[in-house]
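Below: one structure, written as structure tokens.
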Amino acid sequence: MSQVLVVGSINMDLVVHVAQFPRLGETLFGQSFATYHGGKGANQAVAAARLGAQVTMIGRVGDDAFGQELIAALADEGINTEWLSQSKNQATGIAAITLAGSDNAIIVVPGANADLSPADLLAAEAAFINADVVLAQLESPMDTIEMAAQLAARHNKPFILNPAPAMPLSTALLEQVSLLTPNEYELATALGLPEADWQASLAAHPGKVLMTAGQDGAYYTNAQGELQQQASYTVTAIDTTGAGDTFNGALAAFWHLGLAEASKMACAAGALSVTQAGAQGGMPTLAQLQAFLAANDAKELV
Ligand code: RIB
């Protein structure tokens, strides 16, 4: 069983369903409202934990009801919450999510996530020592992410960075990343290159960049410099929120299997995740993932 350390955000997702996205200045009636546990960091931690990894998370919530609920939910998933703390002067992070069909538009208010500091990570250095793999995203301050990369390097741990939401990355940070997992837009933003150049970007970083491509699955360049595609799986999408997070959590959980096998598991887990409402609703357990893969492999043989 892998020991996965996740450094990242914890949000309460406030989700409104609408028939169509409102235009600027327009007021629409929504169809329903619900709250779900979210945040890219927490989502990735839950995805890895459901798939059997031993997960520890470093993050921050506010000293409020959302924060207490979110920490309790992570503990219920079997995640080690020893390094989660509550900020006194910030509210728990929230994401205002509008869902139209299976498409979403998201506004994140970081709240206490913005307080997660390099000092918090240094205080939790033991968690880096105990990890097999470290996973982070970009909903935490950049100096904190850079510290995560440094601590992973100091203790010789692979560092997977999901560069979402999209922002440019420093050369120093990129050098410490074992695997970058952007979508096409995030890849261009992270490397400061035109979107159309994604194949060249992957070729320039063999084995170091894996690009997720929605229904086209994922692309990376292997150590021999050959472009590889891991196909996606066909499902009926209910809510695509958290699909990328499920992919990343699964990738970390199965890191020890190598990139080809881990990306296959991650594509299948990501596909299953969209079949239920909420970022974490459809994230599969290991047994559910294995059953799904067995059913799909059987279909391929027919
Ligand atoms: O990736 C999906 C997540 O992004 C949501 O859960 C929301 O909290 C935002 O952080």
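Even glycines carry a Cβ here, placed using N, Cα and C.
Note: TrEMBL annotation is automatic and uncurated.
Noted in TrEMBL for the protein shown:
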{"type": "DOMAIN", "residues": "1-285", "note": "domain 'Carbohydrate kinase PfkB'"}
{"type": "BINDING", "residues": "ASN11, MET12, ASP13, GLY39, LYS40, GLY41, ALA42, ASN43, GLU139, ASP245", "note": "substrate binding site"}
{"type": "BINDING", "residues": "ASN183, THR212, ALA213, GLY214, GLN215, ASP216, GLY217, GLY244, ASP245", "note": "ATP binding site"}
{"type": "BINDING", "residues": "ASP239, THR241, SER273, GLN276, GLY278", "note": "K(+) binding site"}
{"type": "ACT_SITE", "residues": "ASP245", "note": "active site, proton acceptor"}
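Here the features listed in TrEMBL are placed on the structure.
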residue : record                 : DSSP (3 states)
ASN11   : substrate binding site : strand
ASN183  : ATP binding site       : strand
GLN215  : ATP binding site       : helix
ASP239  : K(+) binding site      : coil
ASP245  : ATP binding site       : helix
GLN276  : K(+) binding site      : coil
> Who sits close to ASP245 (ATP binding site): which same-chain residues at least 6 apart have their Cβ under 8 Å from its Cβ?
Replying inline: LYS40, ASN43, GLN44, ALA47, GLN137, ASN162, SER273, ALA279
> Is any of LYS40, ALA213, GLN215, ASP239, SER273 (binding-site residues) within Cβ reach of ligand 1, i.e. under 6 A, and which?
Replying inline: LYS40
> How far apart, in angstrom, are the most distant Cα atoms among the ATP-binding residues ASN183, THR212, ALA213, GLY214, GLN215, ASP216, GLY217, GLY244, ASP245?
Replying inline: 17
> For the recorded K(+) site formed by ASP239, THR241, SER273, GLN276, GLY278, which further same-chain residues have Cβ atoms within 8 Å of the site's Cβ center?
Replying inline: TYR36, ILE238, THR240, GLY242, ALA243, VAL274, THR275, ALA277, ALA279, GLN280, GLY281, GLY282
> Given the substrate site residues ASN11, MET12, ASP13, GLY39, LYS40, GLY41, ALA42, ASN43, GLU139, ASP245, which other residues of that chain have a Cβ within 8 Å of the mean position of their Cβ atoms, reported in sequence order?
Replying inline: GLY8, SER9, ILE10, HIS37, GLY38, GLY93, ALA95, ALA279
> If one measures from the C-alpha of ALA213 (ATP binding site) to the C-alpha of GLU139 (substrate binding site), what distance in angstrom results, rounded to a whole number?
Replying inline: 21
>> Between the two most separated Cα atoms in ASN11, MET12, ASP13, GLY39, LYS40, GLY41, ALA42, ASN43, GLU139, ASP245, the residues recorded as binding substrate, what distance in Å do you get?
In response: 15
> Closest to GLN215 (ATP binding site): which of the binding-site residues GLU139, ASP239, GLN276, going by Cα position?
Replying inline: ASP239
